[in-house]
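A.B. asks: Relevant sequence annotations retrieved from Swiss-Prot are reproduced here:
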type	residues	note
BINDING	Gly266, Pro267, Pro268, Gly269, Ser270, Gly271, Lys272, Thr273	ATP binding site
COMPBIAS	590-600	compositional bias 'Basic and acidic residues'
DOMAIN	457-600	domain 'Helicase C-terminal'
REGION	569-600	region 'Disordered'
Amino acid sequence: MTDISKDRFLDALEGVGRPVATAEQIARELDCTQATAADALAALAADDEVERANVEPDPVVWYPRDWLELTDRERIVPFPDRREIIVDQPSQLTRAQLSRVAHLTDTTRTGSYRYEVRAEDVWAAPFDSLSDLVAAITELLPRDCPTLIEWVREQWTRATRFRLRTHDDGYVVLEAATDSLLGNVAEQKLDDDVLRAPISDTEAWVAAEQVAPLKRTLYEAGYPVRDDRDLESGEPLAVDLHLDLRPYQQDWVDRFEDASAGVLVGPPGSGKTVAAMGALESVGGETLVLVPSRELATQWREELLANTSLTGDQIGEYHGGEKRVRPVTIATYQTAGMDRHRHVFDDREWGLIVYDEVHHIPAEVARRSASLQSKHRLGLTATPVREDDKEADIYTLVGRPIGTDWDALFDAGFVAEPEVEIRYVPWRDDDDRYEYAAASGHTRRRLAAENPAKEAEIEHLVDQHGDTQALVFVDYLSQGERIAERLDAPFVNGETPHSRRETHFDQFRTGALDALVVSRIGDEGIDLPDAEFAVVASGLGGSRRQGAQRAGRTMRPGSQSLLFVLATRGTEEEDHARSRMRHLSTKGVRVTESDASHSP
């Protein structure tokens, strides 16, 4: 008799699409005879695993003893024509796998997730071959989806139709797969000054200053360009890394070496900065590092001094507080984006440009980056998502994503998987509720964000986790001041002098502070390794990037990290909170929801 376990029976029910089935239907799903299925089902019934019912004159039907076993099971339903995948109750592994090939578009409170497979997802999928990508998709889906797979094959092929290379004489060549693509796509789409002259029926000479516009134009036309040019290594700079890279970090560096440009995508705490130092060692040329803040510039300097052979006189910072250009220069995006400081891009023969928190790249810096296409380029981010959806800026100006499954990092213990909980807080009283109902626009959103009842909930959570340092994020200064006073903690915001910021950050790192309240300046890569417990009191609308960054402040190795996201019950803030956590859901992080435990 063929062995049919309860799990195989439940799988068969899903294939049938009904909660009850006959032995004939089960046999058809499991590819066995009806007699074999009937005997196996009878054995399961004898073990109290399934139930049977006579529904004469119809045949006997079989169903699970516990109906919840059906509703709580993971179920994946593909819609190939729409290129959508709906998943109910997905496991952490399933969500992590889906994040490599699809884009999460919606979630529900009942545990359903909707993914869309976009052309950009296929182009940026972290697979070395089409067969590997197809295998990953087919392994996820419960049935064959030939139309979806065929579309994926077409998109993968489109990403190989155009290639940039360096001619033996040193100039840039655009190479098309066919003469039709060169004539009917490239020559038709590109401005007249991009292609200087034809070389053959499938090749053209590219103006060096037009490489970035070429890549952007063809990307928007549906043909991402493979960039195989020989890039400049700049003025030589010998650098030795004093750390051993983790296996996935070495893989990042190896893949960057092969491509000469790309974006490292990994959770905070995974060591992207260390991997970037490995890339600096590999390129062996003078390097410009661009960062969002002065604090990050200082951290980069300290990390380089501690972990490489670079000396203090080889590293310069370029921002509002200091302006020194050295073989390795760390500049803020804000300063580098100013017209009067544009010379920082040209002062030295840079061999490598590093864009830390690359999703923050301002338009001014992006435009100037268009002239840096001959340099090695490396972006670092926990999420390449930009809320204005300008992913093409990052893809074409810096490079395609180079990533590692978050799930693998969690399992290996390199990064702490946060426990994320969205807590819905009621209004403090009817007066607050009525004021919200009468308001509109920004005032309405701010009232929900600054709901006074959140302050009591935060105090309760901090008391409940009293043996752990607490980090509290706010978006509004007045709210931050009230919470800081309630917790007897410092409040660090954009108005806090840099010297005092560093004092408070050092106090938090060393354990001298039990709690710290921060505004948006704490969203980025400021290193707070002991922040194992965090509360988000208010957030930037539905910003997925901000959600990932704030959760990332707790994602450090060797810790049990907790993140609570507060949202006012019965307001649009509920949807915003779920949206902010959506990116974490795509990466395999389990996000739960509950009501506030401390009522006003």
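Each residue, glycine too, has its Cβ placed from N, Cα and C.
Remember, it's a predicted structure, so these values are computed and weren't measured experimentally.
Locate each feature and note its surroundings.
C.D. replies: The Cβ of Pro267 (ATP binding site) has 25 other Cβ atoms within 10 Å, all protein chains considered. In the three-state DSSP scheme, Pro267 (ATP binding site) falls into the coil class.
Across all of the domain 'Helicase C-terminal' (457-600), the predicted model scores a mean pLDDT of 77.
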A.B. asks: Over all shown protein chains, what is the count of other CB atoms within 10 A of the CB belonging to Gly266 (ATP binding site)?
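C.D. replies: Taking every protein chain into account, the count is 26.
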A.B. asks: 10 Å Cβ neighbour count around Gly269 (ATP binding site)?
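C.D. replies: I count 21 other Cβ atoms within 10 Å of it.
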A.B. asks: I'd like the Cβ neighbour count for Lys272 (ATP binding site), meaning other Cβ atoms within 10 Å of its Cβ, all protein chains included.
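C.D. replies: Summing over all protein chains shown, Lys272 (ATP binding site) has 24 other Cβ atoms within 10 Å.
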A.B. asks: So among the binding-site residues Ser270, Thr273, who's got the most Cβ atoms within 10 Å?
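C.D. replies: Max Cβ neighbours within 10 Å, all protein chains included: Ser270.
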